[in-house]
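Input: a single structure, listed below in structure tokens.
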Amino acid sequence: MTKSSITFSRRYSLLMIMFFALCLAAKAQLSTDFYKATCPDLLKIVRREVLSAIKTEMRMAASLLRLHFHDCFVNGCDASLLLDVTDSEKAALPNLNSARGFEVVDRIKSSVESACSGVVSCADILAIAARDSVVLSGGTSWKVLLGRRDGLVANQTGANNGLPSPFETLDVIISKFATVGLDVKDVVSLSGGHTIGLAKCGTFSNRLFNFSGTGSPDSTLDQSMLTDLQNLCPLTGDGSNTAPFDRNSADLFDNHYFQNLINGKGLLGSDQILFSSDAAVTTNTKSLVLSYSSNSRLFLSDFADSMVKMGNISPLTGSAGEIRKNCRLVNS
């Protein structure tokens, strides 16, 4: 083991210990029945609105799932991503012209407010909507811990620096997960969320023609898929065309994504490196991909566990933060 890998391992272990303690404290303050008395129909209301949105556009399931992910990685799960403010996280590079579904969240919030005004946080709405999006796409369910409150500030710099990028190395991605208390298994299982949804050419076109300055495409990319993507995303294009994350299974929440990785059909560089990179062996992501590819039940179970774990990242509880009346604005 090299000196740098030992240093990374020690730093990673320390971060995990610190965040494990924080997550235990957070979990103790959240509960599955938090709104049992104050908003008893909450889950039915959110499920109805998410179902309506997905019926209108199947892709919305992935979009709502991604909102929860991108929210929790910055300032914790506090709905700071939803704020329309000067330092908006929406304007951060990972979210700009990419994060979507805000109007659906507005509709859910409006319906919830009509039933129980000033009670349910936008952060909790994001958590429930993410779970329902997975379930309505054919995935597993889990009990969502509730009781989060909404943050008062956004953090554009945090979004730019803290959200994993499709262009980063596996070690960097693992480090970013560790910073918020998530481990290697969480990296792989949560990446499996890419079993649904679409990505713009701009997020993977670097692999198609001149990968890492080699003058050639990414050699780990399946040849037939490469040809299709080169036609979809020509060098003269604007990068706005979209392709499914999970080729041949774009709308079903299953373990097909991992089977694609084994066959060189991961769309993003950050997808394929989970299996094909040298680091995939040393970090154990390759073995997890293999396990999930052949065991759907294991993937769905680990994904649900990781979603609960992610939902516990630094929530505001008690008297911290507020319950926003409008998810886009702090209360006046």
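Every residue, even glycine, has its Cβ placed from backbone N, Cα and C.
As annotated by TrEMBL, signal peptide applies to 1-28.
Under the heading disulfide bond, TrEMBL lists CYS39-CYS116 (among others). Taking all protein chains in view, 15 other C-beta atoms sit within 10 angstroms of the C-beta of CYS116 (disulfide bond).
Annotation source TrEMBL lists site 'Transition state stabilizer' at ARG66. Here ARG66 (site 'Transition state stabilizer') comes close to ALA99, GLY101, GLY193, GLY197: these same-chain residues lie at least six apart in sequence, with C-beta atoms under 8 angstroms from its C-beta.
Feature annotation from TrEMBL assigns Ca(2+) 1 binding site to ASP71, VAL74, GLY76, ASP78, SER80, GLU89. A 10 Å cutoff on Cβ-Cβ distances gives VAL74 (Ca(2+) 1 binding site) a total of 28 other Cβ atoms nearby, all chains included.
Marked as disulfide bond by TrEMBL: CYS72-CYS77 (among others). Listed in sequence order, HIS68, ASP71, ALA123, LEU126, ALA127, ARG148, MET310, GLY311, ASN312, ILE313, SER314, PRO315 are the same-chain residues six or more apart from CYS77 (disulfide bond) with CB atoms under 8 A from its CB.
Marked as disulfide bond by TrEMBL: CYS122-CYS327 (among others). For CYS327 (disulfide bond), the same-chain residues 6+ apart in sequence whose C-beta sits under 8 angstroms from its C-beta are ALA79, LEU82, VAL105, ASP106, LYS109, CYS122, ILE125, ASP150.
The substrate binding site annotation in TrEMBL covers PRO164. Residues within less than 8 Å, Cβ to Cβ, of PRO164 (substrate binding site) and separated from it by at least 6 positions along the same chain comprise PHE73, VAL172, ILE173, LYS176, PHE177, SER270.
Here CYS201 (disulfide bond) comes close to LEU229, LEU232, CYS233, GLY237, GLY239, SER240, ASN241, THR242, ALA243: these same-chain residues lie at least six apart in sequence, with C-beta atoms under 8 angstroms from its C-beta. Positions annotated as disulfide bond by TrEMBL: CYS201-CYS233 (among others).
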Centre the Cβ atoms of ASP71, VAL74, GLY76, ASP78, SER80, GLU89, go out 8 Å, and tell me which other residues of that chain have a Cβ in range of the Ca(2+) 1 site. HIS70, CYS72, PHE73, ASN75, CYS77, ALA79, LEU81, GLY151, ALA154, ASN155, GLY158, ALA159
Looking at the binding-site residues listed here (VAL74, ASP78, SER80, GLU89), whose Cα lies nearest to that of CYS39 (disulfide bond)? ASP78
Take the C-alpha atoms of VAL74 (Ca(2+) 1 binding site) and CYS116 (disulfide bond) and report the distance between them in angstrom, rounded. 28
Return the count of C-beta atoms lying within 10 angstroms of the C-beta of CYS39 (disulfide bond), excluding that atom itself. 19
